[in-house]
Each structure stands twice: as structure tokens, then as C-alpha cells.
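J.: Feature annotation from TrEMBL assigns domain 'GH16' to 1-181. If you look up TrEMBL, you'll see Glu67 marked as active site, nucleophile. Per TrEMBL, active site, proton donor is recorded for Glu71. Marked as N-linked glycosylation site by TrEMBL: Asn75.
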Amino acid sequence: PSWAFDHLTTEGEILRMKLDHLSGTGFQSKSKYMFGKVTVQIKLVEGDSAGTVTAFYMSSDGPTHNEFDFEFLGNTTGEPYTVQTNVYVNGVGNREQRLKLWFDPSKDFHSYSIMWNQRQVVFLVDETPVRVHSNLEHRGIPYPKDQPMGVYSSIWNADDWATQGGLVKTDWSHAPFVASYKGFEINGCECPATVAAAENTRRCSSNGQKKYWWDEPVMSELNLHQSHQLIWVRANHMVYDYCTDSARFPVAPVECQHHQHKTNHN
């Protein structure tokens, strides 16, 4: 538990976290990791969850931190949840994408995963990829690969922005708002706090002796089936992509430009 310990309860394998007018709450992993895959199964707040945010994310420490976020933005009863993903690199975010899920995430547990290696960061919902952040260092774009990251989750009130841009506020008469968790899995390279970051990068990368699953060639990009799944998600469920927000970014961010492949006429 990270704070407000009395707002977390366990029931067998299930952890419940509640938000009320006093406080939200959160938890974090004991260790930090470099590369691998983290998964948790979450059942989100039921009914009127407007104004609430439930988050599951990985983050490193410090002002130039890296972070991979799933944020579940509550809504009024019967309206679909919005899932916002974001990627921070060296302390800079502003890479939001939003999608509506193809199921009601408050009715049952569903798995949410982040897979991270030196080539890509993949966000998955029930093992379906919903976002990929690729390593484009060859184009001078920094990529998160040298800071160990902890695994975190939290629930809090964000009614200044979470629901319809902040128009719909949290209805505290519906509190407490409860999110439930189970099926925690971390399959990654654990990094002792005493080891320097550069040494961790080396230690957590495959070499002659050690072969890590996240460095296998098959993990360096999506397979054909996953690529088709991602295309389906983007076509049918994505409602916002920072890459196409010309009001915020009159010039598309550099990492977005690899979608527009240039054709060579000669």
C-alpha cells in the first residue's frame, strides 16, 4: 500500500481499493524492473463512476522519469469507460491516446498488461494490443530503456478533467467507488536499488550466457495476428490520438511521422 492504508481491503485473492470524499488510495511493487511484462486483472468501479480515475502504470523515479500509463476514466451510468494511455520519456508526456473498450470493464475482471523491451512498449487488453510505442532511436528520438520502473496502481478523484473534459463532476452520494484487483503477474528483470542504471541495462539484456524471453526476435515487433488486432482496435475503438491532434501539435510529433511512409518516385 502507498497511502490511505484503510482504503485497501483484501478478500482472498482479491484486493479492493476505494475512493471516498476523504481519500483515494494506491499500491506499488516492492521492486523495480527493467524490461518484461506486467499484468493485473481489474474490475472497474460500477455504476456512476464519473469524475474518478483508476490507474495502472509503470514509472521510474526523478524529474526525467519514464512512465507507461493505463488510466480508466469513469463515466455516468451506462456510458462506456474511456481508457487513456500515455507514455512519458525523460519526464515528458503529452502522448495521450484514448479508446472505448469493446466490453464493460466494470462487470467483470479483464487483464491489462504492459510489455516492455529494448524495441517496443506494448499495451495489451485481454492480450489484444491496443498501443505500441516503438524504439525510434535511429531517428534521434529518445526511448525509455535505462531506468528501472516500479509497478503502481491508484484510484483518485479527477473531476476537473476526467469525464467529458471536467464537465461532469463526481457524485459523492454514490461513494465509495471501488475498484477490484487480482491476478498480479510481473515477469521481468528485477533491479536491486543499489545497482547503477547502466549496469542494470546490461544485466537485464541478453548476452552470450543469458537469454531473456523479452529479447527474443519474436518479441521485437508484433506478429501478423497482433498487427491485425491493433489495426482493428485503432479503426473501431480509438476516439483520440495525439498524433492527429493538429490543434495541440500543428507539426506532428516526430515519433508520429513514421506512420506516413514516404514513397520514392524515381
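Backbone N, Cα and C define each Cβ position, glycine as well.
Give me the structural setting of these features: burial, nearby parts and distances.
T.: Its Cβ taken as reference, Glu67 (active site, nucleophile) is surrounded by 18 other Cβ atoms within 10 Å in the chains shown.
All protein chains shown were included, and the count of other CB atoms within 10 Å of the CB of Glu71 (active site, proton donor) stands at 19.
Cβ environment of Asn75 (N-linked glycosylation site): Ser49, Ala50, Tyr81, Thr82, Thr163, Val168 lie under 8 Å away, each six or more residues apart in the same chain.
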J.: Average pLDDT across the domain 'GH16' (1-181)?
T.: 94
